[in-house]
Each structure stands twice: as C-alpha cells, then as structure tokens.
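Visitor: The structure follows.
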Amino acid sequence: MRGVWPPPVSALLSALGMSTYKRATLDEEDLVDSLSEGDAYPNGLQVNFHSPRSGQRCWAARTQVEKRLVVLVVLLAAGLVACLAALGIQYQTRSPSVCLSEACVSVTSSILSSMDPTVDPCHDFFSYACGGWIKANPVPDGHSRWGTFSNLWEHNQAIIKHLLENSTASVSEAERKAQVYYRACMNETRIEELRAKPLMELIERLGGWNITGPWAKDNFQDTLQVVTAHYRTSPFFSVYVSADSKNSNSNVIQVDQSGLGLPSRDYYLNKTENEKVLTGYLNYMVQLGKLLGGGDEEAIRPQMQQILDFETALANITIPQEKRRDEELIYHKVTAAELQTLAPAINWLPFLNTIFYPVEINESEPIVVYDKEYLEQISTLINTTDRCLLNNYMIWNLVRKTSSFLDQRFQDADEKFMEVMYGTKKTCLPRWKFCVSDTENNLGFALGPMFVKATFAEDSKSIATEIILEIKKAFEESLSTLKWMDEETRKSAKEKADAIYNMIGYPNFIMDPKELDKVFNDYTAVPDLYFENAMRFFNFSWRVTADQLRKAPNRDQWSMTPPMVNAYYSPTKNEIVFPAGILQAPFYTRSSPKALNFGGIGVVVGHELTHAFDDQGREYDKDGNLRPWWKNSSVEAFKRQTECMVEQYSNYSVNGEPVNGRHTLGENIADNGGLKAAYRAYQNWVKKNGAEHSLPTLGLTNNQLFFLGFAQVWCSVRTPESSHEGLITDPHSPSRFRVIGSLSNSKEFSEHFRCPPGSPMNPPHKCEVW
C-alpha cells in the first residue's frame with residue numbers, strides 16, 4: 001500500500017467525517033437508528049443510545065422467564081462446543097481432511113447456531129443460513145434493527161469506552177480532547193442542572209423563535225448564514241465543498257437539495273400510509289417547543305403544523321433519489337452570478353462570502369448545482385412564504401439538530417418519537433453507548449490511534465492488500481470474458497480497475513501525534529459543558545470545510561473513521577477504503593478457513609471494487625472524472641444488462657411493500673459483482689494452494705461453505721417500521737434480498753447446492769452485469 005499522508009488541515013474534512021463527496025458504502029451508514037438520515041442528526045449521531053439514568057436496570061428489568069431463557073441458551077451453547085470438541089478428539093485420527101483445531105470447532109459452532117437446517121437451501125437460502133440466528137436474536141431494546149454489523153459495532157464501542165475512560169500520559173493532545181468531550185457527555189449531573197438553558201440562550205442570540213417567545217429579528221439572510229456556517233444545518237438547501245466531479249483535481253462549492261426533517265419525501269407525500277409517523281413527528285415538534293419554554297400547547301401546535309406544512313411543500317419539489325442516479329444529467333456548473341439569477345431569493349454573494357470567510361467569493365466563482373429546477377422552486381417558495389414561518393423553520397432545523405445534547409426530558413421525547421418512527425422499543429441502554437457513538441462520530445480520528453493500537457495488528461494491512469489484489473485479479477479475469485462490452489471500452493475499464501487505490505485500516509497521519517494535534521489544533525473541548533463542546537465542533541468543522549475551497553483534493557483523505565464497521569468506494573478518487581473496524585470477524589479471521597474469509601471480507605472487497613463500475617461509478621474514468629469514456633454500444637448494452645436487475649429486485653417485497661429496484665440498482669450491481677469476484681478469487685486460491693480442510697459436522701463442501709459464509713454476514717432482523725424506512729431511503733436492498741438476489745443469479749451456487757432448475761434459488765433466467 002502506498003504511504004498515507006494527508007496534510008494536517010486538508011485532511012481534517014474527511015478526518016471529521018464531514019466530507020460530502022459521493023461515495024458508495026457496503027452497508028447503511030447508521031448502525032443504530034437516528035431521527036433522520038441527513039439533517040436532523042448529522043455525522044451519524046444517534047439519539048436512541050441515551051439511557052434513562054443507568055444501564056444497570058437492564059438485567060433487573062428482565063422477567064424470570066427471560067432470565068431462565070438466557071441461562072438456558074448459555075448452557076446449550078456451552079454444551080454444543082463441548083460436543084464438537086469431543087467429536088474432534090474422537091475423529092482426530094480418522095479424518096485428516098477435517099479441520100479439528102479449536103478455531104475450526106469454534107467457527108463451526110457459530111455457523112451451526114445461525115443456520116436452520118430444516119429449510120431447503122434451494123428454496124430460501126437466507127432462512128437456511130440465518131434462521132437459527134434470527135430465532136435467537138430478536139431486535140434488542142433501544143434498537144429497530146440488529147445484525148452482524150451491529151454486533152461488531154457493539155464490540156468496537158466497548159473497546160472505545162475502555163480507551164476513553166483510561167487515559168495515559170502518552171496520548172496526544174487530540175486524543176485528550178476526545179476524552180474531555182466524552183467525559184462532558186457522561187456528566188449527566190451537569191447536563192441535568194443546565195436543562196434547556198444552553199439552547200434557549202442560543203435561540204435568543206439568533207433573535208428569538210416565535211414559538212418560545214418574541215421574535216425580534218426579521219433578518220432572514222443573517223439567520224440563514226449563521227445556522228449554516230456555525231451550526232451546520234441545511235435548511236432549504238445544502239452547501240458544501242468537495243471534489244469537482246468533472247475536474248477531480250480541484251475542489252468546488254456544491255449546492256444540493258435539502259431541508260426535510262423526516263428521512264424521505266415519501267413520508268410527507270404518502271400521507272395515508274405514513275399518518276402515524278406524521279402525527280408522531282408533529283407531537284415531537286410540539287413537545288420540544290414546550291420543553292424550550294413555549295408554554296401553551298394550543299399556541300405551539302398551529303405554528304408547528306405550519307412548519308410541517310412547509311416541509312411538505314419542500315418534499316413536493318424534492319427530486320426522488322432514483323431520478324438522480326445519472327450524474328451526467330444532474331451535474332450543472334454555474335457562476336455565482338448565474339446562481340443569483342437562478343435562485344434570487346437568496347443574496348448569494350453575501351451568503352457565500354460570510355460562510356466561507358476569509359475566502360473571497362466573487363461573481364465568477366464556479367458552483368456545481370445538482371438540480372436547477374429545485375433551486376428555482378425553492379427560491380419561489382421562500383419568496384412566497386411568511387418571514388416569521390421561514391424563521392420558525394430555520395430555528396426548528398437548529399432545534400432538531402441540537403436538542404439531543406440537552407437533559408433527559410429531551411431524550412425521552414426523542415425515544416417516544418423513535419418508537420413511532422422506527423418501532424424502537426423501550427431503551428435500557430447505558431449512557432456510555434450514546435457518548436461513545438457521539439464522540440466517535442465527531443472526533444473519531446482523534447481517538448483513532450487508541451483504537452488502532454488496541455485492535456489492529458500491523459500485518460493486517462499486508463494481508464488485506466493481498467486479498468484485494470486477488471479479488472482485483474479475479475474481477476479483471478471476468479471482465480475479459482464479458483460478451484456485451486466492446487474491446488476499446490474493456491481496455492479502458494481494465495485500466496480503471498488497475499488504477500483503483502487501496503486504503504486499509506487507517507490513514508498513517510493519525511499515528512503521528514504532532515500531525516494529529518495540528519489537525520485538531522483549532523478545536524477546544526471544555527470540561528463539563530457537553531452542549532457547548534458540540535456547538536464548538538459544528539463551528540470548527542465548518543471552518544475546516546471552508547478551508548478546503550482553495551486547496552486541491554487529497555487522495556489520502558478518509559471519509560470513515562478507523563472503528564467504523566463499513567467500507568466505501570469514492571468515484572472522484574477512484575479508491576476503495578476499508579477501516580480497521582470491519583477487518584474483524586465475521587468478515588475476516590486469520591484462523592478461519594479461506595472459504596469463510598473469501599465469503600466475508602472477499603465479498604466486501606469485491607462489492608466496493610464493483611462500485612467503480614455500477615450505474616453511477618462507471619461514469620467516472622480512472623482519474624475520477626465524470627466524462628463519457630464508454631463507447632455508445634457498450635453503454636446501451638450495459639443498460640440492457642442492468643434492466644434485468646431492476647426488474648428482478650423490483651419483484652421482491654417486505655411486508656407487502658416492494659423493493660425499489662431502480663433506487664437500489666448500484667448496490668445490487670455491487671453485491672452481484674462482488675460475490676462473483678470473490679468466488680472466482682477463492683477458486684484461484686484453491687488452484688494455487690490446494691484444497692483446504694473442511695469443517696467438522698457441517699456436511700458441507702468448502703465451496704458450499706463459501707456461499708454460507710457470505711449469507712451469514714447478512715443475518716439481521718428489523719422492526720416493520722424500520723423495514724419501511726429502509727425501503728424508501730436506503731440504496732441497499734434488504735438483507736434477505738442481498739443474499740437471495742445475488743445467489744439466485746449465481747450458476748455456481750446452484751451447481752454446488754444442486755438446486756433443481758426452476759427452483760426459487762435457481763431461476764431459469766439469471767441477471768449478470770459484471
């Protein structure tokens with residue numbers, strides 16, 4: 001791997017998790033639930049981790065039946081391991097082709113406990129692979145979904161907690177700032193003393209909020225500038241700095257649609273289906289207004305209804321995500337002067353000069369906008385809306401974002417709405433989980449060195465690099481056999497695959513205390529003032545964003561912190577990134593059979609690699625520039641191939657609600673391509689190294705084990721409400737169909753499991769892109 005060296009300040013945009021350049025991720029970015037996948041709780045901040053007072057009540061709150069069941073499960077698991085160990089002793093001399101090491105016995109136990117062998121694998125492979133896991137893992141309290149990603153994140157959280165609570169003299173100043181931030185979050189006594197005062201004072205400084213008191217400042221432009229730059233809210237539209245898609249060597253101001261409090265426009269527009277959520281959202285708004293001193297509910301509710309109606313008007317002009325997938329069509333570069341003509345409701349030059357100060361912006365400043373029609377319509381909406389309502393809406397954006405940093409009453413309001421929105425049940429999660437999550441989201445690179453030193457073996461980078469090379473080789477082998485692609489485009493595609501840059505574990509700069517301290521030099525965390533620390537961070541992170549404008553993008557910037565259980569592909573950098581957090585079981589274990597590692601981390605690598613060639617990634621060349629580098633004949637052939645997948649996944653449904661095959665197309669292409677590349681890489685490994693020993697008692701070949709390992713990565717459960725939210729917001733298909741969809745397209749899977757032609761897992765017509 002090439003050296004990772006981001007200059008301290010330019011690295012900070014990604015180090016803070018604040019970069020907004022496009023990326024394609026392995027899984028949903030939220031590992032737990034948030035009120036919104038965007039503006040409401042940015043940086044992935046999750047509200048549902050907050051404990052009422054203490055996590056110690058969790059066991060006590062269990063019924064006697066629940067306690068007995070927990071004990072029984074533990075005893076059964078111990079018995080299973082003991083039986084497998086006994087089998088290992090009994091057959092050790094009989095079957096040299098069977099792996100009987102402690103690691104093999106342990107992983108076999110885990111696989112068996114997750115399976116449901118009563119299900120026909122040719123009928124429903126997801127239930128066959130995950131049926132046991134699903135029965136043993138109901139959605140935990142405080143969550144609306146649970147799976148292997150969540151489980152691994154919990155493990156990482158526990159490590160981070162220990163590191164934050166046990167300071168050492170050798171930590172850097174940046175690491176100490178993360179510890180101060182965490183401890184302020186944990187100081188519930190001080191938070192309860194302050195109650196709503198910090199936010200109420202902030203609202204007063206902004207000129208008031210008609211919902212809680214006199215509104216004395218009729219200055220729309222000033223308020224918009226302050227809430228955008230100092231508190232990183234995005235009412236009406238979002239403004240950020242990122243690599244120019246058509247000139248990836250330079251950063252540019254970018255403007256896009258934004259401003260909804262709920263996760264998707266669908267919640268506002270499909271009122272009958274989402275009546276419960278809309279009612280719950282309004283009640284939540286009213287409750288926060290009361291907690292902030294609004295007094296009489298009869299006076300608050302009509303004004304909050306007006307805000308909700310305004311958000312509904314925003315939803316009406318917001319473009320659905322599935323119609324924004326062709327980036328060549330939605331990309332428009334204009335000057336600041338042209339933007340003023342396009343959306344005259346905003347005084348753009350004063351706005352941009354204020355939020356990007358001290359950088360000077362003039363009328364010729366290039367700006368990329370992703371939907372001209374939206375900006376025209378939002379400008380009209382602003383000009384035709386009462387100024388008091390506009391101010392109420394902007395302050396509501398601020399309240400949504402910051403109320404979770406206040407006392408327990410606000411947490412209770414959050415949790416009540418979470419139950420309506422996501423089906424999240426009562427919470428008995430300890431406070432530290434909320435604080436670890438928030439600290440990691442905001443200061444994840446500051447605490448990154450602690451996590452890396454505690455968890456990441458240095459040779460893991462070289463091991464992961466080798467896996468990536470094997471997957472890339474397999475992908476290029478498949479690329480050479482495609483019949484629908486012309487030779488010229490194929491050659492360019494291979495050059496792009498060769499040029500993909502690998503980032504593994506962590507960026508090297510975080511391990512240099514001096515460089516890390518430079519990154520966070522301008523951020524100060526103060527003891528015992530949690531709300532203040534969060535507000536300082538928002539202001540600090542925007543200053544870092546503004547600082548990027550006149551600097552070139554840095555290939556070595558990261559958009560995920562080391563503990564994250566995820567991975568991503570960046571099209572403007574043509575790079576794939578695998579944080580240390582995902583380089584663990586069940587994705588990778590050095591003592592596990594290669595079949596499982598290729599089915600785990602191998603498919604993850606293949607997934608991200610294939611994103612370079614999905615319906616959006618394929619539009620970018622090897623240098624990360626958005627341009628038409630395919631011949632027209634191959635473009636048309638690609639579209640025909642992908643339509644098969646759109647139709648296939650659109651026929652899947654959850655609780656009677658269909659999957660959006662077009663919105664999920666990119667992820668489905670990556671899932672299918674990643675599985676194919678990983679399987680081929682495993683076959684190449686076997687040819688080179690010989691067949692490995694099989695696991696005991698499973699009765700499965702290693703090729704079957706590869707597919708089983710892949711499927712068990714996606715074992716998960718969700719509440720009906722969370723499933724609905726995922727279907728309308730998430731670009732990934734539901735876990736069940738990530739397994740069934742990919743495997744039913746794999747002829748190798750059907751061959752190894754001997755699935756009869758026409759069976760559900762071996763349909764007569766299979767979709768294949770890569």
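Glycine is treated like the rest: Cβ placed from N, Cα and C.
On a predicted model such as this, the values are computed, not experimentally measured, just so you know.
Positions annotated as Zn(2+) binding site by Swiss-Prot, on the basis of experimental evidence: H607, H611, E667. Per Swiss-Prot, the feature disulfide bond maps to C99-C104, C122-C755, C130-C715, C185-C435, C644-C767. Sequence annotations record features per position, and here Swiss-Prot assigns domain 'Peptidase M13' to 98-770. Annotated topological domain 'Cytoplasmic' per Swiss-Prot: 1-68, in sequence order. Marked as topological domain 'Extracellular' by Swiss-Prot: 90-770. What Swiss-Prot records for 69-89 is transmembrane segment.
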Visitor: Take the mean position of the Cβ atoms of H607, H611, E667, the recorded Zn(2+) site. Which other residues of that chain put their Cβ within 8 Å of it?
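Guide: Filtered neighbour residues, in order: A24, T25, L26, Y569, E608, T610, D614, G666, I669, A670, D671, G673, G674.
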Visitor: For C185 (disulfide bond), which residues of its chain lie six or more apart in sequence with Cβ-Cβ distance below 8 Å?
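Guide: Listed in sequence order: R431, F434, C435, D438, T439, Y530, N533.
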Visitor: So if I draw a 10 Å sphere around the Cβ of C644 (disulfide bond), how many other Cβ atoms end up inside it?
Guide: 16
Visitor: By a 10 A CB contact count over all chains shown, which of the disulfide-bonded residues listed here is most packed: C104, C130, C435, C755, C767?
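Guide: The residue with the most neighbouring Cβ atoms within 10 Å is C130.
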Visitor: Count the other Cβ atoms sitting within 10 Å of the Cβ of C99 (disulfide bond), across every protein chain shown.
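Guide: So the number of other Cβ atoms within 10 Å of C99 (disulfide bond) is 20.
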Visitor: Want to know which binding-site residues, from H607, H611, E667, are within 10 Å of C755 (disulfide bond) at Cα; which are they?
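Guide: For C755 (disulfide bond), the binding-site residues whose Cα atoms are within 10 Å come to none.
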Visitor: Relative to the Cα of C99 (disulfide bond), which of the binding-site residues H607, H611, E667 has the closest Cα?
Guide: H607
Visitor: Round to a whole number and give the Cα-to-Cα distance in Å for the pair E667 (Zn(2+) binding site) and C767 (disulfide bond).
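Guide: About 14 Å separates the two Cα atoms.
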Visitor: Which ones in the same chain are close to C715 (disulfide bond), with CB under 8 Å and 6+ residues apart in sequence?
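Guide: The list for C715 (disulfide bond) reads S114, A129, C130, W133, I134, N137, G147, T148, S735, given in order along the sequence.
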